[in-house]
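Here the structure is laid out as structure tokens; the discussion comes afterwards.
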């Protein structure tokens, strides 16, 4: 039980404790914080209050991004998390800790970590099947490689932005239905609701990370909105994949949820058939039962279930490195659009509106197929934390601005 | 005329002066240097010898990578280049400058810059046509979008390595001709000889760099070997593009040639038909007459001509940012394989051996289709410098090691 009143019935209780980077009106330096209830605990001040100014962990906690702390490894992550939980539940610590806390409403949030490489997967069978049906109606919905490997590609790390960053509608080339090549603002601006995993501990080039080493390397999870301009993407993507249809912006939550907070959200992942190659076989195969929510101008239009994902984050990590590609601290890899089997579980608007043919109606009676200027999309997720208390994953919000 | 004797008949004379990062046995700190003949001029010592310890340019010259200097912009780049040319041609400066120089043979070279995002284009018409003929023999060799936009995709920035780094043969999945899915070391390991451009001056997210702003943003050029595992790539790349077939390693030269050194290598680029969209139309359309050389275990097997490229680096930059994607200092974008119309001008082994069907014979009588363990590939390039003197672009060397 924590002494922080706003945390008692919150999805940001002591079971959660995500990490972020913030500043305050009185101190504009970006620094690490932990969210507890509706407040932020200043980790730089916690580190400075100790007697260990020179130890690497305290140095990492005084840095302006999470990267140095994430590089320290699981033992340090667990120790620090345990210490934070301890001071937030010991009433005797309140007089010491209270001055290091600031209400969320008074802080400015920043990008939580410096993104090294950004990889986007395509690991929901329902999503891949939906897109296959729409784009290749006369063929098998899933391509032949899809059940043998987690299909993925590299995105643009430099345009990963924190929640709240305005999304400028991209311009680009597209081909009209009668074959004309035109230029202008995207007319089919979409979202992809995804879950991302952040690498803490790097590898050496040439040495793959094994499928059972996921917890050694991955620090935590974020929510991701992989904004997508479907018209730009459709024209450009053959044969080398998506490029400008995705690279204008990818939003991530301001808070990184540590894997330790998701232990009780682990759930057996779907059985894979055909059997995968040995490097993708997990001793303990699990996914995470994260329940996503997609709000469009305030109306919840979808509840994608992450528990259904065919490929797990451990398999994605193993696949991404099996060729010897090195990991760096700050590498971000996202799941691909999370879609469930039901219509109201689809994580992109192209699926929800079936290619723009079936508009959705929002709470104010307005109808939509793709995003209009001024529209706001908000992603949230909940998961089971310890002691039967639900935790929340930080929201991802973005508003579309005209070019 | 320089007073540096080794530079007099060199392709690294005062017309060239590429930048790199080096250390010496006596001083293991990585620092900036300029190559002149067979020697390296220590820019940190040059900066320290001045009276301006606090000016941003001198700080940038004392940094361990080129990034801070590249971020300073064209005016600073030209000023520093002019000053270095001046001291290397004024015999009166020799006593002051000589102690700041080290023979190349005594230095250790490091990665010249920290790569932000890495983009790989596909801009040689001959290369795209050759691959289309091999992979889609019954269709048009070029896909419909190819002449409307420079097709490209993001690669893995974290595995861009400097020349000399050993290349570990990647393992991965592939499909055999009879449809079996197998795992093992790539059996079709290939190269791609390319030219890369390095961004110095960033942009703001949402603000494209115009096609005529190339020289404002781009600092210089490197040679690139985009190692490619063709069997892994062929199985994985539909529908999201190349991933593990490329991400194990991309080699770049240790020396970055400033654009100013390539002024006299500018050449009118090929006429484009059909006409491109306005954002890709250049006031002054030019490419660079760089003559590449590909050596396989010491035998020159190809001489790809960069002058033939259909899409110019200025068009690539404009396209890459037209959707509002921001540029960061250290962004690297490569041309795609450079191939000319003739058989001995092809920049990849899959083209040179026509999919492995026509082996090449090396100088020692050995034949090759794809790379064997122990093989070494060396890329070089020459270009016309000022005053009719040829300059060299730093070599890219890599040796294949077994997994």
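Heads up, the Cβ atoms here are built off N, Cα and C, so glycines get one too.
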For the Ca(2+) site that TrEMBL gives with A:120, A:192, A:194, which of A:226, A:231, A:260, A:263 also belongs there? A:226
Nearest to residue A:337 (substrate binding site) by Cα distance: which of the binding-site residues A:192, A:226, A:250 is it? A:192
Determine, using Cα-Cα distances only, which of these binding-site residues is closest to residue A:226 (Ca(2+) binding site): A:122, A:136, A:233, A:246, A:250. A:250
Can you tell me the CA-to-CA distance separating residue A:136 (substrate binding site) and residue A:194 (Ca(2+) binding site), as a whole number of Å? 24
Could you name the residues, excluding A:120, A:192, A:194, A:226, of the same chain that surround the Ca(2+) site, i.e. Cβ within 8 Å of the Cβ centre of those residues, in sequence order? A:193, A:224, A:225, A:228, A:246, A:250, A:334, A:335, A:336, A:337
Among the recorded positions A:127, A:136, A:246, which residue has the fewest other Cβ atoms within 10 Å of its own Cβ? A:136
Near the Cβ of residue A:233 (substrate binding site), how many other Cβ atoms are there if near means within 10 Å? 21
Quiz question: given the binding-site residues A:120, A:194, A:226, which has the greatest number of C-beta atoms lying within 10 angstroms of its own C-beta? A:194
Could you tally the C-beta atoms, other than its own, that fall within 10 angstroms of the C-beta of residue A:122 (substrate binding site)? 21
Cβ within 8 Å of the Mg(2+) site's Cβ centroid: which residues qualify beyond A:226, A:246, A:250? A:120, A:155, A:156, A:192, A:224, A:225, A:227, A:228, A:247, A:249, A:334
